[in-house]
Amino acid sequence: MFGTGIIVFRETLEAAMIIGILAAATVGIAGRSRMLLGGIAAGVAGAIVVALLTGRIAEMAGGTGQDLMNASILGFAVLMLAWHNIWMSRHGAALAQEARRVGHAVRGGEKTLLTLFVVIALAVLREGSETVLFVYGSMAGSETSALQVLTSGSLGLGAGALAGFLLYAGFLRIPLRWFFAATSGLILLLAAAMASQMARFLVQSDVLPDFGNPLWDTTGLLSNTSPAGVLLHALMGYDATPSGLQVVFYVTTLIVILFAMWMLRYRKDTISRF
Amino acid sequence: MVFYRLMLLVGMLFPITVLAADSEIVLTIREHRFEPSELKVIANQKIRLIVKNLDATPEEFESHELNREKVISGKGQATIYIGPLKPGRYPFMGEFNQKTAQGVVVAE
């Protein structure tokens, strides 16, 4: 009975962290709440559709359709996050500065809001489709009543959402000088974490070789199932037993995005004046 | 020159691929249990694991030791590639029914 809540919490946590970080990163951009809520709504709708189609998706590509779909979703989200971070490295610092000082929403950044919408919708879609399947499956099972499943599922969902909100609230307390670095730093880690998960799906479906599986094992130090392990997995993609390909994807994503951010930061721009 | 070397390299890869042809193993889920609960596989070889879920409810095949995680829908089936594995025991479980759905892959 409690199990339902814990599984729903774990699935929710990852999406909630992503939403919390993105909400913090776009503070002060006009129309942001609409995009946030719209992204969540679109994600939930998509999750239900995907959950209904799971059987058919799974049968595609010789039984690996689900992995390929997850890998594509993650790849797309990585591109969006990279784009968002690179765009914000030019404009974000100024946006955050102005929003806080003037105390009202800043115009501009509509483009990055669209990426926000897409990333949130995809995150909710991916984590949500498994949650929908699981909750539906638990209710169909005879062991626990539907009401019990719904109650503990809602508790898990609420706890996950709360974690995301606390992360967001924590971000808002960060001094302005560090705020931009902190949000873009976490988005960078999120993108790398998603790239690593994408690699996992590509290995699992035998599209790419694993280059060593696992490359190392730190389960004794910090296991994937411990609370700290789950949190670090959601925030920065921690995996106690990563394959070589996961590490390659993680590091490459970090380097490529950082390099692009660095290139644009030093271009002549009004932002460089403060 | 570089092209021919590359071709040679690609050509050399193929016999290896053929030798390491995947062996296929079927795992069934029935009443939230895995059948068989112990899978014997050959070590150092890639294995195509076909998981058939005969239950009406979905299940998630999960194994930290194998570094795999995959949802299998009710009355559905899915393919998971595992290995090549070093000799040893690799536990797995059904995340949605942890109490009953437990199993282990034994590579030897």
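The backbone N, Cα and C atoms fix where each Cβ goes, glycine too.
Record features, source TrEMBL:
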type	residues	note
TRANSMEM	A:12-29	transmembrane segment
TRANSMEM	A:36-57	transmembrane segment
TRANSMEM	A:69-87	transmembrane segment
TRANSMEM	A:108-125	transmembrane segment
TRANSMEM	A:145-171	transmembrane segment
TRANSMEM	A:178-199	transmembrane segment
TRANSMEM	A:245-264	transmembrane segment
Subject >> Segment proximity, the transmembrane segment (A:36-57) to the transmembrane segment (A:108-125), 3 or more C-beta pairs under 8 Å >> reply: yes
Original post:
Based on Cβ pairs under 8 Å, which of the stretches A:12-29, A:178-199, A:245-264 lies most in contact with the transmembrane segment (A:69-87)?
Top reply: A:178-199
Original post:
Who are the long-range neighbours of the transmembrane segment (A:145-171) in its own chain, taking Cβ under 8 Å and residues 6 or more past its ends?
Top reply: 1-13, 15-17, 19-21, 23-24, 131, 135, 138-139, 179, 182-183
**OP:** Could you pull out which residues elsewhere in the chain have a CB under 8 Å from any CB of the transmembrane segment (A:12-29), counting only those six or more residues past its ends?
**Re:** 36, 39-40, 43, 84, 88, 92, 95-96, 98-100, 105-106, 108-109, 112-113, 116, 119-120, 123-124, 126-128, 131, 156-157, 159-161, 163-168, 171-172, 183-184, 186-187, 190, 230-231, 233-235
